[in-house]
Amino acid sequence: MNPNQKIITIGSVSLTIATICFLMQIAILVTTVTLHFKQYECDSPANNQVMPCEPIIIERNITEIVYLTNTTIEKEICPKLVEYRNWSKPQCKITGFAPFSKDNSIRLSAGGDIWVTREPYVSCDPGKCYQFALGQGTTLDNKHSNDTIHDRTPHRTLLMNELGVPFHLGTRQVCIAWSSSSCHDGKAWLHVCVTGYDKNATASFIYDGRLVDSIGSWSKNILRTQESECVCINGTCTVVMTDGSASERADTKILFIEEGKIVHISPLSGSAQHVEECSCYPRYPGVRCVCRDNWKGSNRPVVDINVKDYSIASSYVCSGLVGDTPRKNDRYSSSYCRNPNNEKGNHGVKGWAFDDGNDVWMGRTISDESRSGYETFKVIGGWSTPNSKLQINRQVIVDSDNRSGYSGIFSVEGKSCINRCFYVELIRGREQETRVWWTSNSIVVFCGTSGTYGTGSWPDGADINLMPI
């Protein structure tokens, strides 16, 4: 090969390599621009309800013939739709209940700054569960805790923490309230907060951290609500509220709320005579509540809520093993589904039950006279057969030598079914324990299980002699 041919050959090879490098640089540039603007190809919903985007850093190391290019690209995930909860999955089949959470608030109060509370409950958003309670505006080791046995003061506020986190000084005070209910519709939290004078209280409706609506007392006699979670189906939340006598006829209404705004109010209808402190759960396409009759019945009222047409039906749990306290001994107690049993109906305690086909799962105090001990069991035919008393799968949650209190239900949506859980309020202090001047509580929480389980007792556990007075 002569010199001229060598020069031409080297030049051709160099030109080819240069062309390849140029084309690769163009390809890199096109890829970079495409990935950078990919985020704009995602469709956003009309109402702009999206989850915040999370940046992802992509490192691309591209080796070329004689140099290294480090290209860093930041790309956003396409927005995810946030949808209302519809609770359309079936109820989980369970064999009983397994331990889930215990906050030990009273024991911790012996050496730390923990709020004085009562009326606790649990509710979950789509990703996490929270515990709520009505605080007394003071910690336990504080002279303001004296005489906190009283239910309604202007200092009471609704507290909210992750489940299992005691109400410490950093706890969020959601609203002013001496009666409350909370629920998450899939997009945001709704809090119903009642406060004010007994004869002219106000219920505030707080949605997504903002006051949206309110309603005043309609019977001028202690407007009050559930003290456990409300339920939202397809954006409509229902809450049961009562105003009027605690020992005679009262005026109960069911409020329908959408993003914090009251859209409809239905009066109680059906055969229930007195309804307070309902424990509600989704029973698609509606909502079902098991409540407290503080006037005539130790059997619990049932309220069925139709979310679509706002209609209401009510009756009583059929089980002859009744759920309220005080109550007659099981041998003598009765319930015939439609009416109050007129057995030690005056007074009572918040509680829960839920249907399982024709059967009923329920919880109650072990004592039939006082708020002592706690048990759960299933009654065969207890939802459909009058005065049914065949009990199976009994579990002791708190032994009869220890105090209990209010209890209520909350629901958790799993991958294939909706599980039912419950909490028990473990009251300590006044009136029974007169060494101290305060009244407060801790909680224990159980959830339904399809597995096996053992036995135990999960009382509050604080030694009252070690507690601040």
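Every residue, even glycine, has its Cβ placed from backbone N, Cα and C.
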Note: Swiss-Prot has D293, G297 binding Ca(2+), and from D251, D324, D330 that site also includes D324
Looking at Swiss-Prot, which one of C318, C337, C417 makes a disulfide with C92? C417
Which cysteine out of C280, C318 is the one Swiss-Prot pairs with C289 in a disulfide? C280
If you look at what Swiss-Prot says, which of C232, C278 makes a disulfide link with C237? C232
Disulfide-bonded cysteine for C318 as listed in Swiss-Prot, from C291, C337: C337
Ranked by the number of other Cβ atoms within 10 Å of their own Cβ, which of the disulfide-bonded residues C124, C230, C278 ranks first? C278
Near N200 (N-linked glycosylation site) (Cα-Cα within 10 Å), the recorded positions in question, chosen from D151, R292, D293, G297, D324, R371, are none
D324 (Ca(2+) binding site) and E276 (substrate binding site), Cα-Cα, nearest whole angstrom: 12
Do any of C124, D151, R152, C280, C421 (recorded positions) have a CA within 10 A of D324 (Ca(2+) binding site), and if so which? none
Do you see any of the recorded positions C183, N234, C289 whose C-alpha is within 10 Å of C124 (disulfide bond), and which ones? C183
Pull out the recorded positions from the set C230, C232, N234, C278 whose C-alpha sits within 10 Å of the C-alpha of N86 (N-linked glycosylation site). C232, N234
